[in-house]
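J.: Handing you this structure, nothing more for now.
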Amino acid sequence: MTDKAFANNTIVTVPFKSYEDGASKNDDLPPPYESPKIDFSSGWKDRWFMIIFWLHALIVLVIGLVLGLPVLNSVYIHASSNLPDANITDEERNSFDRYLGVLAYALGGATAVGGLTSLATFFLLQLCAGRVIMCTLIIVIVIEITLVVVLFITVHWVACIMPLIVLIITLIFMSCVWKRIPFAEVHLRVGCAALHSHPSVILIALFIFIVQFLWFICWFLMVLGIMHAMNGPMVLVANKDTAVTTDIYGTSSLYTTKPMPFNANRYETKRPIYGITQNSISYNTQHKSLYHREPQDNQVLRSIVGFLLLLSWYWGANTFKNIVHFVSACTLGRWWFGNNGEQQYLLGTSTKRAFTTNFGTISFGSLVEALVKAARSSAERESRSNILACVAACLLRILEKMIGYMNDWAFIYSALTGQSYIEASRSFIELFKKRGWTMIINDTLIGHALGMINLMVGLTSAVNGGVLVYIFTRNSIEGDAITTITIAAVLGFLIGFLFSSITTTILSSCVRTVFVCFALNPAALGATHPEHLQRLTKAWSKFYPTEFTASGYVDQLPNYNTVENI
């Protein structure tokens, strides 16, 4: 009732100033409130990048189906035909079926526990986000101290040097950010409140995860087909007197094989195998091989193809991931601006925008990030043998972090305003410069806390899966039981981590959107959720009084000194 009364008596109608009108103008006074408006008449943003992305996706699909599927089918047929004959008893078959059933129950339990734990963690963040952040920091310290002690007792004191340095750095970081935990808590609680009001965005995230998995399958088939086309025929299992031709990693070979005596106990062949060097011929009494190196041009071609394959994977994966980020930002915009946002932030509308009018923007930014990721991966592959590649990999990793960080904010601004990628990147930087908040947004507390929550939920699901399998298999053969328990625990961890990461990824996007919305128009939150505006205003006044005063909001917003402590 209070919210409705407040909304009825408060009118926030401030036109949005476009980037073209205010980008080059810096007034002495802080800029007025800006209510974001989306101009649908301006058409599709960055449409050429959208067209290129879908053409690229179509090429991946066609190559995967035309070249990849036949290779996968031939490998399966070849492997099936070379399986050794074995007499499987009914008892062994029943035991195998029983283990599969137990594993299925364990995975079902791990899925249920992962989902329930993620849900419980979400509600816990709403109630006491600050304490959760404190607990995650303390857990990190305890883990690092335990690691140092274990290495000192079981290995050697020298092995403790690097973990001890990491522990000292963590303690310094913790001492610097401990006082800012209440500030991070307020923003995290706002993000939780928005997600609690619009939980259906989690379904969009689950759908995108399925799309990413399908993308991985298509990309893998494409890689399999291209590698087979470049390497030529390849036989994995050679039988007696079988001629085999292979072309792997730039080295071609032609050889014939016959059975070779093998000592299973010593794991070594009884007959010597001579080393093979470049442009040399190596013979074994019954194993004759001819090797030659590929020309340098072929190695360059393989490097280029490898880079393009990595670029394809990163571009697709980043694009679909950023769609969730885009829709999450729209969700918080709907919660923040309420009816003033008209229909632009509805879940259906925002999802449609993410796949249509603003898909080019998402593809553009994702392509920039994918280029750096692919270059970094290529440099890391050569870093073991080339010091320049090692240096380049380090520099590219830093650049990758910077571009990813900038993209997160640019996509939020694009989601709220509908601007193109370049316009949104410039606009959000200009906005935070005007507010004087360029250093405040570099807060990593929430990211560390959410990452630790993912790990804890994953471990909880792993323990649950392992315990369930142990209960059903404790009277079975020890080796088989241990293997099944290990598999169930690993899969349970992955399932729990996945469920938690979906929620925390949306929360992270919502928290960052809080900064942008608060910079655009904090008064709009007073018309929809005044209690959260009170907490935000009090937090900013307490922890960043200089920056908050410079933004001009102190004189424009109500005085909330009588509000309860944060």
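Heads up, the Cβ atoms here are built off N, Cα and C, so glycines get one too.
The transmembrane segment annotation in TrEMBL covers 48-72, 102-125, 132-155, 161-181, 201-227, 300-317, 445-472, 484-507.
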J.: Quick one: do the transmembrane segment (445-472) and the transmembrane segment (102-125) reach 3+ CB pairs under 8 Å, ignoring pairs fewer than 6 apart in sequence?
T.: yes
J.: With pairs closer than 6 in sequence left out, are the transmembrane segment (201-227) and the transmembrane segment (161-181) joined by 3 or more CB pairs under 8 Å?
T.: no
J.: Is the count of Cβ pairs under 8 Å between the transmembrane segment (300-317) and the transmembrane segment (48-72), pairs 6 or more apart in sequence, 3 or more?
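T.: Answer yes, regions in contact.
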J.: Which sequence positions outside the transmembrane segment (132-155), separated from its termini by at least 6 residues, show Cβ-Cβ distances below 8 Å to it?
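T.: That would be 121, 124-125, 163-164, 166-167, 170-171, 174, 178, 181, 184-185, 188, 445-446, 448-449, 452-453, 456.
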J.: Counting Cβ pairs under 8 Å to the transmembrane segment (201-227), which of 48-72, 102-125, 484-507 comes out on top?
T.: 48-72
J.: For the transmembrane segment (48-72), give me same-chain residues lying six or more residues beyond its boundaries with a C-beta closer than 8 angstroms to one of its C-beta atoms, as numbers and ranges.
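T.: Contacts with the transmembrane segment (48-72): 215, 217-226, 228-229, 312, 315-316, 319, 359-361, 363-364, 367.
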J.: Six or more residues beyond either end and a Cβ under 8 Å away: which residues meet both conditions relative to the transmembrane segment (102-125)?
T.: 132, 188-189, 192, 195-196, 453, 456-458, 460-462, 464-466, 468-469, 472-473, 484, 487-488, 491-492, 495-500, 502-503, 507
